[in-house]
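What follows is a set of notes on a single structure, which appears directly below.
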Amino acid sequence: MKRLILLRHGQSTWNLENRFTGWHDVDLSERGRQEATEAGRLMENADLAPEAVFSSVLTRAIRTAFMSLDVLDRLWIPMTKDWRLNERHYGALTGLDKAETAEQYGDEQVHVWRRSFATPPPPLDADDPRHPVHDPRYAHLPAATLPGTESLKDTLARVLPFYESDIAPALKRVDTLLIAAHGNSLRALVKHLEGLSDEAITGVEIATGDPLVYALDDHLAVTSKHSLRDGQ
Ligand SMILES: O=C(O)[C@@H](CO)OP(=O)(O)O
């Protein structure tokens, strides 16, 4: 049996400030650091020892991976950082206060931007300094690949090929694999792993710092799932 652990980063400073974050690179808050360490303890108590780790290229996910693996004394395992595990890009909403945006555009519109499957937020222009074409960490990628906004559907369209090309082959080689990523990139993966409909995934939320453990058979089909924090 294989184990795939999905870990959303601990609380970030912009989670704390209730701002749309997406690809903006904020770090963990103090509580987020505690959650990352606690995630390591939960894995240790469950006798889970990841043999490889994948993360996005965003600091909050990388630090969560390191802080949880540090508890397990497994900072040495192979790590792959890839932009395709990044949070969904929040477009022109990036940096805005979520409550103020709801006051301005209405709860319903903001809910559609946050949780609909296929409707992206308004896009950023390529000359906006928040657009990823200006960020050196993506300099090796063609500009056309870099999004100015993303829906969950768009996020799934880059997470899934990466899962198939890199994560699934790694899972064939090791028994326990950790992915440290983000609320919406992990929701995309959950949709795929659990075969959820476009409608069903809109109701799924993933908590910060709570390791979700999927048991998979040798064909990488899911046989069970539970959260290490609440056991469900
Ligand atoms: O701001 C974000 O990038 C995400 C995750 O924190 O927010 P939401 O849950 O609203 O999609």
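Cβ coordinates come from backbone N, Cα and C, glycine included.
Per TrEMBL, the features are:
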BINDING   8-15, 21-22, Arg60, 87-90, Lys98, 114-115, 183-184  substrate binding site
ACT_SITE  His9  active site, tele-phosphohistidine intermediate
ACT_SITE  Glu87  active site, proton donor/acceptor
SITE      His182  site 'Transition state stabilizer'
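A Cβ distance below 6 Å to any atom of ligand 1 is met, among the binding-site residues Arg8, Arg88, Gly183, by Gly183.
The candidate set comprises the recorded positions Arg8, His9, Arg88. Of these, His9 has the most other Cβ atoms within 10 Å.
Most buried of the binding-site residues Gly22, Gly183, judged by other Cβ atoms within 10 Å, is Gly22. When Cα-Cα distances from the residue listed as 'active site, tele-phosphohistidine intermediate' are compared across the recorded positions Gly22, Glu87, Gly183, the shortest belongs to Gly183. Between Gly183 (substrate binding site) and Glu87 (active site, proton donor/acceptor), the C-alpha separation comes to 7 Å. Neighbour density at the Cβ, taken as the number of other Cβ atoms within 10 Å, is lowest among the recorded positions Lys98, His182 for Lys98. Here Gln11 (substrate binding site) comes close to Leu28, Ser29, Arg31, Gly32, Glu35, Thr208, Gly209: these same-chain residues lie at least six apart in sequence, with C-beta atoms under 8 angstroms from its C-beta.
Between the CA atoms of Trp14 (substrate binding site) and the residue listed as 'active site, proton donor/acceptor' there is a gap of 13 Å, rounded to the nearest whole number. Under DSSP, Gln11 (substrate binding site) is assigned to coil, being neither helix nor strand in the three-state scheme. In the three-state DSSP classification, Gly183 (substrate binding site) falls within a helix. Counting only same-chain residues six or more apart in sequence, the Cβ atoms lying under 8 angstroms from the Cβ of Glu87 (active site, proton donor/acceptor) belong to Thr21, Gly22, Trp23, Ser56, Leu58, Ala181, His182, Gly183, Asn184, Ser185. A simple way to gauge crowding: the CB of Trp14 (substrate binding site) has 21 other CB atoms within 10 angstroms, across all the protein chains here. Lys98 (substrate binding site) falls within a helix when secondary structure is assigned with DSSP.
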